[in-house]
Ligand SMILES: Cc1ncc(COP(=O)(O)O)c(C=O)c1O
């Protein structure tokens, strides 16, 4: 029989990832087990995807129920789960119209194409400039990775899409220097995730909104990582009090089933007429049925309040660890998207902390070389947070003691 192990990855998979040696085979809530039966507490949540942990009963039953009814139609036909999910998103947000995709990058690709089309129709071909921010991350399609502010990810693939520029995040003068009536859209994460878990200042975001209004540029919020309860609000824009023209959401939207969505107003949406954009799988009934269950489960006052309470538990625990071992400069982020920023003594060593944590039975993440990132389930039991922090402390002690 075929041996299924990590060596098989190197044999048969394209080497664009370098996964850990262990292979998880089972998950329940915020616990995961590997092939050898070793148990892990999951502070990674599939990179902010598993908003309800692993195999949440509401999601399992939505998937099973839909799985026995109807799997796929294509966009030649609409379907009930897609319509119900779109209605729920419209009811819960500023949006009036929804476009479904399969991932965050695809939702962003749709947002960027819509912004360009809207500007062309309303103002003419010259209004094509897209401004985004350094260290931003918007996905890996060639358009979205070019809009993302990390050249290391977009260089080396030939000529890039044009008229894309980058300002400094949280620096309004830097945006002022670039924005003009030629700007068609500004794309921004309300809290930069991959870029190091850096929240936007409220005042900065208000000024970004005002500058977009002044220059008739659309404001696009990439809430792929921050959306669906992650910050303790259903969407982070709600906490900022700044409403975008277009919002993208993915990751936690499906709670682990691949789906993305672009949300906007009727006036903007009308520029994507039939034939302008599309996707075979976007709005797939299985994905939409699971996402509807995820959205309905997360969008409850007690779940969102729970995120803020659990944030405090994390912050207190991480501060206690830091008092003992002095490894962090600061703990930043919002809700259950938190980053422990390593101090100068441990600069560049985030990966070492992640690897040591895994040895102790804790799944964590990094966000760049200096930040250990935590994006657990939004309903992780407090007992799992405490036990996970005990394991993390053991990992920190190992590193400090060399
Ligand atoms: C803010 C943000 N936008 C877009 C993406 C891309 O999403 P996906 O990997 O589903 O294409 C990510 C993924 O990490 C993200 O964090």
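Glycine is no exception: its Cβ is also placed from the backbone N, Cα and C atoms.
Pulled from TrEMBL, these are the features on record:
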BINDING   104, 105, 137, 222, 223, 224, 225, 280  pyridoxal 5'-phosphate binding site
BINDING   140, 279  N(2)-acetyl-L-ornithine binding site
MOD_RES   251  N6-(pyridoxal phosphate)lysine
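Mapped onto this structure are the features recorded in TrEMBL.
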| residue | record | DSSP (3 states) |
| --- | --- | --- |
| 104 | pyridoxal 5'-phosphate binding site | helix |
| 137 | pyridoxal 5'-phosphate binding site | coil |
| 222 | pyridoxal 5'-phosphate binding site | strand |
| 251 | N6-(pyridoxal phosphate)lysine | helix |
| 279 | N(2)-acetyl-L-ornithine binding site | coil |
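Residues 104, 105, 137, 222, 223, 224, 225, 280 are listed as the pyridoxal 5'-phosphate binders, and the farthest two of them sit 25 Å apart at their Cα atoms. In this structure the alpha carbons, written CA, of residue 104 (pyridoxal 5'-phosphate binding site) and residue 140 (N(2)-acetyl-L-ornithine binding site) are 9 Å apart. Checking each of the binding-site residues (105, 222, 224, 225, 280) against residue 140 (N(2)-acetyl-L-ornithine binding site), the C-alpha distance stays within 10 Å for 105.
Proximity to ligand 1 (Cβ under 6 Å from any of its atoms) holds for these binding-site residues out of 105, 223, 279, 280: 105. Residue 105 (pyridoxal 5'-phosphate binding site) counts 23 other C-beta atoms within 10 Å of its own C-beta, drawing on all protein chains shown. When the Cα atoms are compared, residue 105 (pyridoxal 5'-phosphate binding site) and residue 279 (N(2)-acetyl-L-ornithine binding site) turn out to be 13 Å apart. When each of the binding-site residues 225, 279, 280 is scored by how many other Cβ atoms sit within 10 Å of its Cβ, 280 comes out lowest.
Note: the Cα of residue 224 (pyridoxal 5'-phosphate binding site) and the Cα of residue 251 (N6-(pyridoxal phosphate)lysine) are spaced 6 Å from each other. In sequence order, 104, 108, 111, 136, 138, 187, 188, 189, 248 are the residues near residue 222 (pyridoxal 5'-phosphate binding site), counting only same-chain partners six or more apart with C-beta under 8 A. Calculated from their C-alpha atoms, the gap between residue 251 (N6-(pyridoxal phosphate)lysine) and residue 225 (pyridoxal 5'-phosphate binding site) amounts to 6 Å.
Cα of residue 137 (pyridoxal 5'-phosphate binding site) to Cα of residue 279 (N(2)-acetyl-L-ornithine binding site): a span of 22 Å. Other Cβ atoms within 10 Å of the Cβ of residue 224 (pyridoxal 5'-phosphate binding site), summed over all protein chains shown, number 29.
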